[in-house]
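Taken from Swiss-Prot, the feature domain 'SIS' covers 50-208, and the record attributes it to sequence analysis. Among the features that Swiss-Prot reports, substrate binding site is placed at Asn65, Gly66, Gly67, Glu78, Asn109, Asp110, Ser135, Thr136, Ser137, Ser140, Gln188, with the record citing sequence analysis. Annotation comment: Swiss-Prot describes His74, Glu78, Gln188, His196 as Zn(2+) binding site.
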Amino acid sequence: MANSCRCAGGLHDRSRYDEVVLDVMLYSARLHETVARQNSAVIVAMARMIAESFDEDGKVLLCGNGGSAADAQHVAAELTIRYRSSVSRPALPAIALSTDTSALTAGANDLGYDNVFARLVEAYGRKNDVLIALSTSGNSASVTKALDMAQRLGLKTIALLGGDGGEMKGKADLELIVPHSGSADRVQECHITVCHVLVDLVERMLGYRC
């Protein structure tokens, strides 16, 4: 392999890499604790909003880009299929807007990528639905426009953000901002944990688990 851009290291520098493991995982754990302590009430409120939507025959729409798109798909699968095998419940309707490549590419080609999620919210969104918008920076134009469309249509909105919240700060009915800037990874780790807690709480609120 070419080494012009490689740092000094080595495959067998175990002590150095042990430090990396500890630094990354312990920082992530501290960040999780901060998010939990600062946002427990809003997380409960988000879960209640979602549970009330399901109780009123609504559904959840989710959108994000890159790793946030993967998180959106992850959560949609846990709602529609199953979160834990020990809990028997009906399917809960959730759609990740990043999964239909034909719609995404048609929208990007015909309307511009910034408008693709908004167009899908316009197509699928109804009054009792909830949009969960994920952006590690809070500055994703496509996610911001989806949030704007959801509000115009009367959907309830949740934003999971990072850093200082970016342009999306203050736009959603409920928001959670992970206080980490400079990289998306630590923010995404907190987002997916929050989403798991949301699914857990929604199942409890709907009476599917104690």
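Cβ atoms are placed via backbone N, Cα and C, with glycine included.
This view paints the features noted in Swiss-Prot onto the structure.
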| residue | record | contacts (Cβ under 8 Å, 6+ apart) |
| --- | --- | --- |
| Asn65 | substrate binding site | Ser98, Ser135, Ser140, Ser142, Val143 |
| Gly67 | substrate binding site | Thr136, Ala184, Asp185, Gln188 |
| His74 | Zn(2+) binding site | Ile192, Cys195 |
| Glu78 | Zn(2+) binding site | Cys195, His196, Val199 |
| Asn109 | substrate binding site | none |
| Ser137 | substrate binding site | Leu161, Gly162, Gly163, Gly166, Ala184 |
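Within 10 Å of its Cβ, the residue among the binding-site residues Ser135, Gln188 with the fewest other Cβ atoms is Gln188. A 10 Å cutoff on Cβ-Cβ distances gives His196 (Zn(2+) binding site) a total of 15 other Cβ atoms nearby, all chains included. Of the chain residues outside the Zn(2+) site list His74, Glu78, Gln188, His196, Asp71, Val75, His191, Ile192, Thr193, Cys195 have their Cβ within 8 Å of the site's Cβ mean position. DSSP assigns His74 (Zn(2+) binding site) to a helical segment in the three-state reduction. In this model, the domain 'SIS' (50-208) carries an average pLDDT of 98.
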